[in-house]
Amino acid sequence: MTRKIAIYGKGGIGKSTTQQNTAAAMAHFYDKKVFIHGCDPKADSTRLILGGMPQKTLMDMLRDEGEEKITTENIVRVGYEDIRCVESGGPEPGVGCAGRGVITAIDLMEKNGAYTEDLDFVFFDVLGDVVCGGFAMPIRDGKAQEVYIVASGEMMAVYAANNICKGLVKYANQSGVRLGGIICNSRMVDLEREFIEEFAASIGTQMIHFMPRDNIVQKAEFNKQTVIEFDDTCNQAKEYGELARKIIENEMFVIPTPLKMDDLEAMVVKYGMTD
């Protein structure tokens, strides 16, 4: 059965990079069949998998050619290790609602049977925080059963993670979605691991993996590749492989208990963090 996973996190936290490298590790090290559906108007959720090739977004095709032209063959691109990719895209700047675009895109993909039964994983890479109903769609309407939140030891990243949990709680009973854990994408902040471990435990989940910071991630990106494709023997590739393994084997799925603001701020003060 295909596992459908939504990846959330504060804008700029490294969510798309983490998601693409994890998907690449699943396909390369564990022979998993993976589909990535980018739900960000920037349309950068699949760039590394596709070797930097710009992908025509579903919303662009919808505007330019009409719904009848949207087929799996026309819109889905295949990249590294046969990972299938689609980007929702968004409206023209200053016009329309990008969240509405996410809803339209996922509905069209389902209508066209893009999420085939042979897939092991479908990833929805979702813009920033749960800022509106459209971006909450993967968890609101049960499109994804699992959520992983990318965070770091910076206050605003944890604040965003806590807000995402509030959105998840709102929809958990109607959609069945559950939190699988927090991925700490390290910013090399003092006591970062301890902070995220305590935060995760306090909301009833786990820090599923601590991803160390390594410049090879940037080197791979400059070469328009994931770390896995760039050098699958390096330490960072092994870290992404370990995160992939933990997600594959994960059995801890919870409805989180978000912290009240006073409790979150007290935890931040305890670790001496300011953003």
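Any Cβ shown, glycine's included, is placed from N, Cα and C.
Swiss-Prot lists G9, K10, G11, G12, I13, G14, K15, S16 with the feature ATP binding site. The annotation [4Fe-4S] cluster binding site is assigned in Swiss-Prot to C97, C132 on the grounds of similarity to another entry. Residues or ranges marked as ADP-ribosylarginine by Swiss-Prot on the basis of similarity to another entry: R100.
Here the binding-site residues are G9, G11, G12, G14, and the one ringed by the most other CB atoms within 10 angstroms is G9.
Ranking the binding-site residues K10, K15 by how many other Cβ atoms lie within 10 angstroms of each Cβ puts K10 at the bottom. C97 ([4Fe-4S] cluster binding site) is 23 Å away from I13 (ATP binding site) when you measure Cα to Cα.
The sparsest Cβ neighbourhood within 10 Å, among the listed binding-site residues (I13, C97), is found at C97.
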